[in-house]
Amino acid sequence: MQTKLHPALIAIASLIFLILIAPLFIILGAAVSDTPFLTFPPQGFTLKWFSNIFQIEAFRTTAITSLQIAFLGTFLALLIGIPAAYALNRFKIRLPSWLSNVFVLPILVPEIVLGFSLMKNITIGLQLPVYTTLLLGHTLLVLPYAVRVVGASLASFDFSIEEAAISLGCPPLKTFLTVVLPNISAGVVAAFILAFITSINDVSISLFLTGPGVSTLPIQILAHMEQFFDPTIASVSVLLMLLTVGVMAIVEATLGLTFLTK
Amino acid sequence: MVKRLSPWLLAGPATLLVLIFLIFPVGSTLFATLTDAKGWLAPYMAFFNSSLRRTVLMRTIEISLITTVISVVLGFIAAYVVAHMPGRLKSIMIIAAVFPLLTGVVVRSFAWLILLGKNGILNSALLSLGLIAEPFSMLYTKGAVIAAMVYLFVPLMILTLAGVLEGIPRDVVEAASSLGAKPFAVFRQVILPLAMPGLIIGAVLVFTGSFTSYATPQLLGGERQMMMGTFLYQRAMVTFDWTGASTVAAIMVVVTIAIVVLMTRLARRMNPMAA
């Protein structure tokens, strides 16, 4: 591409990036403001809203549920998604071509529709516990990452290496664990990170799959916001942003951030 | 025998999960809308005969379209600049796009709640500049929903397009300009057609994302700017009208899948590199 850019173009783009980041600083300001209501610019400085989060039991329990669901859901999705991605790449000819489209469905069906349908037909229809349906919903939500991101790594894997190991007498499972898996580890890490962050931030699926005693952090934030409009919400948001920073640091260290533009 | 079955044994668990916990529940939700006590397709007649529900659908389409157009334009400009930046500046810009993207919808919509609120930064700025006498409410308007929605989707557009624009071969662009094409002609006749498939896919992501969103219209639009997502929730959990909620869900599924299928076909056909 040409390398010369019109100055006006650079100015507009800089403004766009500034506006993308600015609101997040506004939250940071609101979180440390020494006022009982949300405001910006901050008046005074206090960390009491951060300690306030830990006083509220609902935030503690929902944060734990969110972490559990995100870890378990991602783990389950990888556990069944990696073999599926492997089969789709390794046995392309022996599996019907529509099978790979099955794993596009969780992206294609609107999340809020999936959440509502799971509540209506699984929680109530099949009488499954709320927690189980919530976990299944999140596993479905992140399954496409496991199948597609890991699948992309497998697409560039040379299966003749695997055949060499098997022909030398290595059992199939050991071959997978010691030969295939190390070669696709970047894809597995990417899938894990994307799935985890998607699950922990999800609203639309969880909306219908939370009930008395079982709720997730984003749903609890929404509920808290409707009752109290105080800086506690801003400080919870700051903690969630810190989680994002942590995730980005992991991405940068393992894969490099540019992998997200591919 | 085991060898012939092994592909299915490997792909089976994931396939079953989608079958049992996605196709079955969503399918039966959609199936339930085909008929009720009043007869075939009565739930749809009820939907389209109610002016309130038609308004919600039209509002959702309108907001999603406006959001898509603005996000495509802003995303294209930003991605174009990203694609031309030298290494270090490029990574800073990519971080600035990825960070909001990885920060949840609730947090990002909440930022706009503070920004547009009565004591918000926009009101304070306007007050101190003497442009307004007292703070006015910007929340619960169409503009607030669109602003927050654009904010939500521009990073996605940037990341989708940055890769596409970077992938445009430099020599094609250079060839066009060395043959005498003016910068605007190069843009219109070379860059735009080559970026079109990516542009269409990005636009589909933004449109379907806005069309089915919940948190943003709930927080910034409230009751006054109800969209399909918030309407579905209200039908299901406030009025317990499950047939009504299922009808809203079915319309969302049909619109989403129709748009995705049509536009991906179009994107494939418009790809000049594929021919």
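Positions of Cβ are set from backbone N, Cα and C atoms, glycine also.
The transmembrane segment annotation in TrEMBL covers A:7-32, A:67-86, A:98-118, A:130-155, A:176-197, A:203-223, A:235-260. Residues or ranges marked as domain 'ABC transmembrane type-1' in TrEMBL: A:63-251.
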(Q) Against the transmembrane segment (A:235-260), which of these stretches has the most C-beta pairs under 8 Å: A:67-86, A:98-118, A:130-155, A:203-223? (A) A:203-223
Q | Stretch of maximal Cβ-Cβ contact with the transmembrane segment (A:130-155) [cut-off: under 8 Å; candidates A:67-86, A:98-118, A:176-197, A:203-223] | A | A:67-86
Q) Are there residues at least 6 beyond the ends of the transmembrane segment (A:176-197) whose Cβ is under 8 Å from a Cβ of it, and what are they? A) 70-71, 73-74, 77-78, 81-82, 86, 142, 145-146, 149-154, 157, 161-162, 165, 170, 244, 247, 250-251, 254-255, 259
Q.
I need to check the long-range neighbours of the transmembrane segment (A:98-118): which residues 6 or more away from its ends have a CB within less than 8 Å of a CB in the stretch?
A. 81, 84, 88, 133, 136-137, 140-141, 143-144, 147-148, 202, 204-209
